[in-house]
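A.B. asks: Here it is, the structure, as structure tokens.
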């Protein structure tokens, strides 16, 4: 069978690779992506493995590339993706890469260090220039009055100042800058420490400076402090140091300040020229790195991945020993890849591939195209399939969108969903190349084929329901002929009567007749139709799931399970709920409108089937007795169905434990009769205990299905089977009822759509007149369209999607799907090619 119907046949092998060719061979296998290696050194510490030094070299190169990438992103550049796939460098090229990265890293760090130092000097000089300007302006403005201001601030009397003029020290001042946020604290601390004996003024610097290291904006204020004596001077300096304020040596005389200002301006001009040249050099280095950074990153990550894989191998003399899984069909591709690796590495000894026998369960691998991949992901989310069992994905491609559409059924909404999915499919190359980081957007894009199929099926079910944005479309003309009296036309309530209003016994060609749309009893008609349809679809879906068991039993050559599991389960479900479905169809075919008043109530008849309660008299028919048998031999058929279903339960309960117990006894007896000559000899009856991949024998199936059961006691086997039987029998009832969600959500979606039409859009159509009504209709239509997308498409669509997911995971998969396997995860470089940055891959 195809790999989509069942997982690919897997082969377990040993590989003997020569040491000089191992690196290149693993590189070629990584490009191929069809080999899953097994770690043979699980008990060895990561720091004690063979190629730990090579991995450390790769991590050092990663560190340098990460620094370069950070500098590139700091410049506002994006890492270009040219969709390139450079091969992993050969070992002798790794040294060249290391030298190139070291040169680039050293040069870039040196340039950055010099640039930061120069930029720091520029900031300081700019700050000094602002301080000098502020100081000059202060002395020009308050030069004649600041002595008086000092006396007023410090409280020193004029007479004391005159008497003690000869004894007091000269007046000095300090100028500096402090962060604007610290100014209030700075002033309070200065006043407290100096006891108010200094005169201080602050003024904000309008020019915003930037920290050359962090890039943060620095809002600073200039301060000037006047003091007398060295003691106050020392206190002022200590306060400045404590508040991280900067003091600048501003001269006392105006001439010296002007001279200093000219020198600062000259140095700023020189620094700006040097900074421009340094920045140009830095841009040239980053430009080269920007062009090659992704290619370098891919190469380094491939080297690291190869050595990580080589660390999983065992060293055996002059070769490396590996064990791996791969698809059996890929053996020729693998040999070609190994041959290519041997030629590149100039190895004369070929790699040996030795098939192995193992009892380990192989991984499951499906070769899916883009269309099936989304549906396969839905199945894998429930559980990875056990190796060799039937894959539900091919059937899910049809049943999933169909059951969704049964709940969502509206042709208008389905059309929007279909067009949205189709748009994502047509634009998948351009959208996929953008590497969207939004998780919700990626979910929609990954499920684009599912969305398109759900929309297409919703259009179909919308046509069947005759629902197009909650309105019916009358294409072929209604098949109803209303017989309504003249006085009834003005009544508030008019109901359709199938007996008197339908002529020629002709149904509407496709779907529901549009005359039901305005009918008052529309809900009664659609309620009955959709509820019975949900039961029919549900039972059919479950019966199909049980039938898929046959393929598993035949594949594993477990023919006994067809008798002790498949047949009892099929008969139990078919004789009870399958019979109910047949009665629904029979009732639709044999009871027309003229006999609808006396049509049987199927629920009562289904209950009577278990109570053996029947009535066949003519008076019962005339009185429409619910116990009246509506077809010949009904009691005999229902009694047979009941007993067949009941007798299937003990078969499910007893047959399998008895078979397993008898099988174990026969194996033990064979092992006891056989006398082993050597310790490792496998007894004849158990010679398939270690079986090659793909072998299918009855003993292998027994071991596969009851791997842990061999150690279990007889009581545990019986308990396990009892739980399975009870779960299946009760599940048939609960699962059948669970499919009624098809009916409930379909009605809910139709009613919500009708409410939006009636309470939103219909109001606009009845408002105002010809000219005033146009803008009102435009606004309300915009509101209606947004509510339709938000509520009916997104919320209702998500609800229907989740319910469909449950029907497949619980009601359908549980009938045949074990899902106890593990995924095939081959060694490949795809995750490296899909990375967006080196931090993501690391």
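Using the three backbone atoms N, Cα and C, a Cβ is placed for every residue, glycine included.
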A.B. asks: In TrEMBL, which of 447-465, 466-484, 485-503 is labelled transmembrane segment?
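C.D. replies: Of 447-465, 466-484, 485-503, TrEMBL gives transmembrane segment for 447-465.
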A.B. asks: For which of the residue intervals 746-770, 771-795 does TrEMBL record transmembrane segment?
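C.D. replies: TrEMBL lists transmembrane segment for residues 771-795.
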A.B. asks: Looking at the candidate ranges 377-401, 402-426, 602-626, report the one that TrEMBL labels transmembrane segment.
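C.D. replies: That would be 402-426, per the transmembrane segment entry in TrEMBL.
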A.B. asks: Is the transmembrane segment (771-795) in contact with the transmembrane segment (636-659), using at least 3 Cβ pairs under 8 Å (sequence separation of 6 or more) as the test?
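C.D. replies: No, since the transmembrane segment (636-659) and the transmembrane segment (771-795) share fewer than 3 Cβ pairs closer than 8 Å, they do not count as touching.
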A.B. asks: Between the transmembrane segment (563-586) and the transmembrane segment (402-426), do 3 or more CB pairs sit under 8 angstroms, pairs being 6 or more residues apart?
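C.D. replies: Taking Cβ pairs at least 6 residues apart, the transmembrane segment (563-586) and the transmembrane segment (402-426) are not in contact, as fewer than 3 fall under 8 Å.
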A.B. asks: Sort out for me which stretch, of 447-465, 563-586, 771-795, has the most Cβ pairs below 8 angstroms to the transmembrane segment (533-551).
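C.D. replies: Answer is 563-586, with the largest number of Cβ pairs below 8 Å.
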A.B. asks: Using a Cβ-Cβ cut-off of under 8 Å, list the residues of the same chain that are 6+ residues beyond the ends of the coiled coil (94-128) and lie near it.
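C.D. replies: Here the qualifying positions are 57, 60-61, 64-65, 67-68, 71, 177, 205, 207, 209-213, 218, 220, 246, 248, 264, 267-268, 271-272, 274-275, 278-279, 281-282, 285-286, 288-289, 296, 299-300, 303.
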A.B. asks: So which residues does the transmembrane segment (771-795) touch in its own chain, when a touch means Cβ under 8 Å and the partner is 6 or more beyond its ends?
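C.D. replies: Hits for the transmembrane segment (771-795): 410, 413, 416-417, 469, 749, 752-753, 756-757, 760-761, 763-765.
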